[in-house]
Amino acid sequence: MVLCPVIGKLLHKRVVLASASPRRQEILSNAGLRFEVVPSKFKEKLDKASFATPYGYAMETAKQKALEVANRLYQKDLRAPDVVIGADTIVTVGGLILEKPVDKQDAYRMLSRLSGREHSVFTGVAIVHCSSKDHQLDTRVSEFYEETKVKFSELSEELLWEYVHSGEPMDKAGGYGIQALGGMLVESVHGDFLNVVGFPLNHFCKQLVKLYYPPRPEDLRRSVKHDSIPAADTFEDLSDVEGGGSEPTQRDAGSRDEKAEAGEAGQATAEAECHRTRETLPPFPTRLLELIEGFMLSKGLLTACKLKVFDLLKDEAPQKAADIASKVDASACGMERLLDICAAMGLLEKTEQGYSNTETANVYLASDGEYSLHGFIMHNNDLTWNLFTYLEFAIREGTNQHHRALGKKAEDLFQDAYYQSPETRLRFMRAMHGMTKLTACQVATAFNLSRFSSACDVGGCTGALARELAREYPRMQVTVFDLPDIIELAAHFQPPGPQAVQIHFAAGDFFRDPLPSAELYVLCRILHDWPDDKVHKLLSRVAESCKPGAGLLLVETLLDEEKRVAQRALMQSLNMLVQTEGKERSLGEYQCLLELHGFHQVQVVHLGGVLDAILATKVAP
């Protein structure tokens, strides 16, 4: 609560965070700050050797990030933001500055250097106040840094590589995230924990106090320490306009003492009321409102993809809203609002010339991009969205809602719900293809699979994962096993290339037909579709096909054991309720299932994105 008055000074200002870091965004959002996110395009190529101290480098980088955003926004629409916040976090050990690793080998080198040693985490922060005068941008910069000492335990090579393969180190200074899996590497922390996460909130609030609440004479007489955040009542006494009303010139009857006592009593009552209000006033529910209204943003994105807005803008000059509207048979006013919210979400760029795609939109949202998620988005728009409108029924009944969404009972879930027509089958395959391509490299490299000369991707759909396995392991022959209706169309998703000779397609039902022979069986996002009895049936069939020493690679989204914190996995488990007969499971649940069917030596790698990989070995009975 003491932070609210400080943050409140920025409440009605246009505040911009010049950082794409989700951790910084979360820290500031949780503190009640309202802000836009405009990632800086400043190239972080400052000469580190030219700075006398590491924190000097961090502060200068933070300042340049903020100034770049301030200038870009002003040039864009000649309207300066009120405040731009820039930040840069670095890790230093032995005089060496460590930033974000460039690849997995670099991440391993960084973490090896930190093993068993104490290092410093510096975050430089720049607060840039902007104004315009005579059509010129004027900026005032306030900057500071925070240092936190962190000590790592002695770490084994195996543990370091397991963490590197999780993918978590790749976007973090020093190659670790203390707030997530990286916390297991840390032995002790001395200083501000949030500084290590990415933003020193406490010091930031102190800096706001210095900027917006300079010390008053009476504070100085009382030797108030302004390197700390003042108590809440200090803020209430301050205002943007000093002064107050004059005293009455005529005095009422009564003794001076009586009036003094009455005045003191009234003041005490007012102060008590003021304190009671401050103590009972809850923090502004920013995060809650985002959850309540978040579906609007999601539907905006889904609709833009449905109208193929990002296809129209790919590799094209900026276009006006009216021009785009005419191409998709939409109203100009409606299209302008849709494009504006897409720009606010960072999916489009908006200039005086019109709207254009961001790099994110070109890569992921245009339907012909190499890593396009357009098919996945259409699956969510055309099917998942409708199913979730019946979530209340799913919770009450404990069953999927295809019968309500489709108007008929699905006797065979996949045949009736996903493959009922060539169009719905192709939509489902495009959805699976997009998501699999996005994660296939992480899955294929999660473990060293070079000992296996053959693999069978059970339910492998378009063969996207099979192709990545073939690319990573040139000696491996990979068979994609799926239903005949899927195999019939799968070849359309396979681009030409040297991996084609390693990949084979076989049609069949994995619950009924013999599985192709292989040394490694892969079940990628298969088991979560099914209830326990069918999971046992499928694992039993895989186990029967395995010789001792054969491997089973499971790829799923793991729940945490207490089902409290793995938000994406918990969300997907709810998704499985409305869509399928299955559910998400924890590592402990999968380990029990695997051991029951003769698979042991269970290893797990958290892939850092949306999936987790489990590798187990079939042992002799």
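A Cβ is built for glycine as well, from the same backbone N, Cα and C atoms used for every other residue.
Database features, via Swiss-Prot:
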- Asp88: active site, proton acceptor (ACT_SITE)
- 249-262: compositional bias 'Basic and acidic residues' (COMPBIAS)
- Thr234: phosphothreonine (MOD_RES)
- 11-223: region 'MAF-like' (REGION)
- 235-279: region 'Disordered' (REGION)
- 277-621: region 'ASMT-like' (REGION)
- Arg23: site 'Important for substrate specificity' (SITE)
- Thr89: site 'Important for substrate specificity' (SITE)
- Gln179: site 'Important for substrate specificity' (SITE)
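Each of the recorded sites Thr89, Gln179 was scored by other CB atoms within 10 A of its CB, and the lowest score goes to Gln179. Checking Cα-Cα distances from Arg23 (site 'Important for substrate specificity') against the recorded positions (Asp88, Thr89, Gln179) with a 10 Å cut-off leaves Gln179, in sequence order.
Per-residue pLDDT, averaged across the region 'ASMT-like' (277-621), gives 92. On the backbone, the CA of Thr89 (site 'Important for substrate specificity') and the CA of Gln179 (site 'Important for substrate specificity') stand 15 Å apart.
The Cβ of Asp88 (active site, proton acceptor) has Glu44, Ala58, Met59, Thr61, Ala62, Lys65, Thr123, Gly124 as same-chain neighbours under 8 Å, each 6 or more residues away in sequence.
When Cβ atoms from all protein chains are considered, those within 10 Å of Arg23 (site 'Important for substrate specificity') total 20, not counting its own.
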